[in-house]
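Some notes on the structure that comes next.
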Amino acid sequence: MERRTKIVCTLGPAVASADGILRLVQDGMDVARLNFSHGDHPDHEQNYKWVREATDKTGRAVGILADLQGPKIRLGRFKEGSTVWETGETVRITVDDVEGTHDRVSTTYKNLAKDARPGDRLLVDDGKVGLVCVSVEGNDVICEVTEGGPVSNNKGVSLPGMDISVPALSEKDIKDLRFALKLGVDFIALSFVRSPADVELVHAIMDEEGRRVPVIAKLEKPEAVAALESIVLAFDAIMVARGDLGVEVPLEEVPLVQKRAIQIARENAKPVIVATQMLDSMIENSRPTRAEASDVANAVLDGADAVMLSGETSVGKDPHNVVRTMSRIVRFAETDGRVPDLTHIPRTKRGVISYSARDIAERLNARALVAFTTSGDTAKRLARLHSHLPLLVFTPDPSVRSQLALTWGAQTFLCPKVDDTDGMMREVDRALLAMDEYQKDDMMVVVAGSPPGVTGNTNMIHVHLLGEDTRIPK
C-alpha cells in the first residue's frame with residue numbers, strides 16, 4: 001500500500017532546477033511549499049513551473065502551497081552588520097529609523113514603544129537572545145539582556161504575551177498573495193494567525209482576484225492556541241508551526257498543543273500539517289537523530305495528515321536523501337496501526353455517511369473505499385477515519401485533485417464528469433482494472449452524491465464489484 005501520511009517539502013536553492021524538483025517528486029514529495037519569507041517572485045514562478053512539469057512527467061498529483069511571511073517583526077540593520085549582546089547589558093530598541101549600534105537598534109514594528117510595558121519579554125532570533133523591557137523612554141524601549149548572544153541584521157523578534165497591534169496581512173503579504181493566486185497555487189498559508197477573522201482578509205483579496213483556494217492557518221501565537229477550535233472551523237486546514245510557536249508559548253506546551261490541534265482538526269475533517277525541525281540535523285548530516293525519527297513517527301501516530309520539511313530540503317546538503325528518509329520513517333510508523341480512532345461521533349449527513357461507509361467496507365473486507373467528489377469534502381471526511389483500507393478518490397476537477405495531495409491517504413484519479421451512478425461505476429472499473437493491484441470482482445465501497453456533480457450532496461453508499469458493469473466501452 002502507498003504511504004498514507006503526506007510529505008510537504010520547502011523549495012529553495014538546494015533543489016532549484018527542473019531535475020532537482022523532479023527528483024523530489026520521485027522521492028515522495030506530495031506538496032511543494034513556496035516560502036515567501038525568502039526569494040523573489042521570479043524564483044517562485046520558476047519553481048512553480050518546475051513542479052507542474054514534474055507532475056505532468058510523473059502523473060503524480062503534487063499540490064503547491066504559498067506560505068506568506070506574515071507581519072514578522074524584525075530588528076533593523078547594524079552599522080557593523082552584527083554585534084554580541086552580553087547578559088546583564090542594557091540595550092535600546094527604537095522605532096526611529098537609525099543605523100544600529102551595539103547599544104541601540106531599530107525595529108520594523110513601529111508601535112513597539114506604545115505597546116511595550118515593563119516586564120514584557122522580547123526574544124530575538126527564535127529565542128536565542130532574550131531581553132526584558134525595563135522602561136519606555138519616548139520612542140525607545142529600554143531592555144536588559146537576560147540571555148546574551150550574537151545578533152545581526154534583520155533578525156526576527158518575538159513578543160510573547162504582548163498585545164501587539166499589527167494587521168494579519170502586511171503590504172508585502174497582499175502583493176505576494178495576489179501574485180500566488182495569479183500563478184495558480186493550490187493553497188495559501190497565513191502566518192501568525194490570531195483570530196478566526198484573519199481569514200476574512202485573505203478571502204477579500206481572493207474575491208478581488210476572482211479565485212478562492214484553501215487557506216491554512218499557521219499556529220504560532222498564544223492567541224491562536226486559545227482560539228483553536230474557532231480557528232479550525234474558520235480555516236480550511238491547520239499547520240502546527242512549532243518553531244515560532246515554541247518561542248511564543250512555553251516549550252513544554254508545544255507537544256500537547258500539537259496533539260490537541262490534530263484531534264480538533266480531525267473532528268472537523270480539516271487537514272493538519274506538523275512542521276518545523278522534524279529532521280533538522282539532516283540539513284548537514286546524512287542521518288537524522290533518533291529523537292527526530294521519533295518526532296516524525298509520533299506526528300504520524302497522532303494522526304497528522306502531513307509532515308513538513310523546511311531547511312532540510314530548501315538549503316540542506318542532500319534534500320533527496322531527507323525525503324526518502326522521512327518516507328521510510330512514516331511508512332514504518334503507519335504499519336503500527338496505533339493512530340487513535342476518531343472519538344468524535346459525526347452528526348452531519350455527510351459525516352454519518354462516511355463513517356458508515358468505513359464500517360461497511362471494513363466488515364465486508366472490501367478492497368478499498370472509493371469517493372467521488374467535486375469539492376474534496378467527501379474524501380476528507382473519509383480520510384480522518386484512518387481506515388486500513390486504501391482511499392481512492394475520483395474527481396473531475398484538476399485543482400481539487402492537487403488540493404487532495406495534502407489529505408491523509410487520498411490516492412487520486414482525474415476522471416470526466418459523469419451523469420449518473422452507472423457512469424461512476426464505469427469510471428471506477430476503467431481506472432482500477434488497469435492497475436495491477438485490483439482484479440475483476442474485487443469489492444469496492446463507493447461514497448458519492450446522486451445526482452453526481454452537486455457539491456455537498458453526499459448521500460449514497462454503493463457496494464460495487466469491479467467489472468460487474470459490462471457496459472464499459474471497449
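Every residue gets a Cβ built from N, Cα and C, even glycine.
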From candidates K114, K128, K155, K175, Swiss-Prot puts in the same ATP site as N35, F36, S37, H38, R74 the residue K155
Relative to the Cβ of R74 (ATP binding site), which residues of the same chain, six or more apart in sequence, are found under 8 Å away? T107, T108, N154, K155, G156, V157
Considering only the binding-site residues F36, E220, T276, which fall within 10 Å of D67 (K(+) binding site) when distances are taken between Cα atoms? F36
8 Å Cβ shell about R33, G243, D244, T276 centroid, substrate site members excluded: K218, E220, M239, A241, R242, A275, Q277, M308, S310
Neighbour tally for D244 (substrate binding site), based on other Cβ positions within 10 Å of its Cβ: 23
In whole Å, note down how far the CA of D244 (substrate binding site) lies from the CA of E220 (Mg(2+) binding site). 5
Once DSSP output is merged into helix, strand and coil, D67 (K(+) binding site) belongs to strand
How many Å lie between the Cα of S37 (ATP binding site) and the Cα of G243 (substrate binding site)? 14
Please report the three-state DSSP label of D244 (substrate binding site). helix
